[in-house]
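Colleague: The following feature annotations were taken from Swiss-Prot:
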{"type": "DOMAIN", "residues": "8-191", "note": "domain 'CNNM transmembrane'"}
{"type": "DOMAIN", "residues": "275-331", "note": "domain 'CBS 2'"}
{"type": "DOMAIN", "residues": "355-416", "note": "domain 'CBS 3'"}
{"type": "CARBOHYD", "residues": "273", "note": "N-linked glycosylation site"}
{"type": "CARBOHYD", "residues": "319", "note": "N-linked glycosylation site"}
{"type": "MOD_RES", "residues": "331", "note": "phosphoserine"}
{"type": "REGION", "residues": "321-340", "note": "region 'Disordered'"}
{"type": "REGION", "residues": "355-374", "note": "region 'Disordered'"}
{"type": "TOPO_DOM", "residues": "1-11", "note": "topological domain 'Extracellular'"}
{"type": "TOPO_DOM", "residues": "33-70", "note": "topological domain 'Cytoplasmic'"}
{"type": "TOPO_DOM", "residues": "116-136", "note": "topological domain 'Cytoplasmic'"}
{"type": "TOPO_DOM", "residues": "158-424", "note": "topological domain 'Extracellular'"}
{"type": "TRANSMEM", "residues": "12-32", "note": "transmembrane segment"}
{"type": "TRANSMEM", "residues": "71-91", "note": "transmembrane segment"}
{"type": "TRANSMEM", "residues": "95-115", "note": "transmembrane segment"}
{"type": "TRANSMEM", "residues": "137-157", "note": "transmembrane segment"}
């Protein structure tokens with residue numbers, strides 16, 4: 001039979017104080033269970049490194065506590081259960097049995113669950129950082145019971161993995177943080193566009209950004225730099241002009257327009273007598289990030305895009321004779337992941353196998369090392385045979401550094417000449 005205490009006696013006030021403490025303690029444990037366990041380690045690490053000064057301080061205090069999440073969870077639940085189970089014992093000395101059950105359920109539901117979880121779900125970071133030392137003490141006290149249970153949970157469920165975003169999810173998250181989304185984000189339209197372009201660039205290939213061969217301005221290596229050709233080059237407004245041999249699709253090099261400033265048009269100097277730089281040839285399936293990395297090395301800011309096709313394979317016929325079949329290697333069919341990886345590896349090998357490339361860019365400064373090997377990328381025409389496309393290759397376009405940057409920005413880049421043509 002429960003002991004009843006007379007109102008206003010010392011034991012009565014002690015029981016009231018204990019009941020209030022148990023309700024508040026249970027509410028704190030319930031709120032921390034929701035507040036701390038809802039904070040992922042990734043979010044806390046981001047706040048600790050790049051949050052506001054206040055959030056950095058909070059995250060630094062919470063991170064050591066929540067690293068062992070199963071141990072923290074078991075500790076909070078044990079403390080919460082102990083407080084809720086003890087509450088009816090002290091209420092039983094003040095009211096009847098049914099009254100103790102009714103009051104304890106009401107107090108726990110209202111002040112031990114609803115209100116604490118509502119507060120901690122919104123201010124969990126600040127509250128968790130404030131009571132972090134107290135939580136450490138609770139973990140130490142409950143360690144004999146909580147540690148074996150947490151290890152069992154680690155064995156059965158494994159450690160909680162970091163909640164990282166996939167590219168599509170990260171792009172959507174960035175869009176939500178833009179000020180155009182109307183959700184209170186601070187990112188401008190240009191910022192969200194560039195970030196989205198950087199995320200999408202890994203899925204794009206050279207053929208998605210190149211200029212088709214039919215839209216390219218090229219000059220013949222045997223042409224003469226007379227006044228008409230010089231005026232045409234200046235009118236196009238390009239800094240680099242591709243040079244072809246025999247047919248426009250057989251692009252063998254490029255001419256820097258700035259190197260033509262000292263040439264007198266009246267002398268009609270042949271193009272082959274000026275400095276012609278080598279131009280790399282890259283497959284159309286080369287990822288844009290790979291060619292961007294090659295462009296950044298400074299070897300060339302322009303490359304010829306080629307397509308592997310028309311390989312001839314002999315096929316036996318019914319009468320024993322051999323027929324020829326042409327196979328388009330770069331068909332539009334969806335390649336398997338293994339094929340895609342193999343194609344990328346071949347693409348990089350083809351870029352790296354470009355003849356006479358300077359190999360001094362594996363590290364360090366590019367200026368002095370490049371000046372020593374500058375002649376290696378100049379096309380030597382002193383009796384040497386001019387390069388030609390292989391039989392199984394077909395030039396389909398030209399790609400420049402500007403094309404890749406446009407895909408990254410997802411906007412067209414215009415210079416003075418482009419605006420001149422648009423206005424006219």
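Here the Cβ of each residue, glycine as well, is placed from N, Cα and C on the backbone.
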Colleague: If we skip the immediate neighbours and take only residues 6+ beyond the ends of the transmembrane segment (137-157), which ones have a Cβ under 8 Å from one of its Cβ atoms?
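Modeller: Distant contacts of the transmembrane segment (137-157): 65, 68, 70-76, 78-79.
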Colleague: Who are the chain neighbours of the topological domain 'Cytoplasmic' (33-70) in space, where the CB to CB distance is under 8 Å and they lie at least 6 residues beyond its ends?
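Modeller: Same-chain contacts beyond the ends: 76-77, 80, 117, 120-121, 123-129, 132, 135-136, 139, 149-151, 153-154, 157, 159-160, 162-164.
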Colleague: In the same chain, who gets a Cβ under 8 Å from the topological domain 'Cytoplasmic' (116-136) while lying at least 6 residues past its ends?
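Modeller: For the topological domain 'Cytoplasmic' (116-136), the nonlocal Cβ contacts are 27-28, 30-32, 34-36, 38-39, 47, 55, 57-59, 61-62, 64-65, 72, 75-76.
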Colleague: What count of other C-beta atoms do you get within 10 angstroms of the C-beta of residue 273 (N-linked glycosylation site), across all chains shown?
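Modeller: By my count, 13.
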Colleague: Would you mind giving the whole-number mean pLDDT across the topological domain 'Cytoplasmic' (33-70)?
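Modeller: Taking every residue of the topological domain 'Cytoplasmic' (33-70) together, the mean pLDDT is 89.
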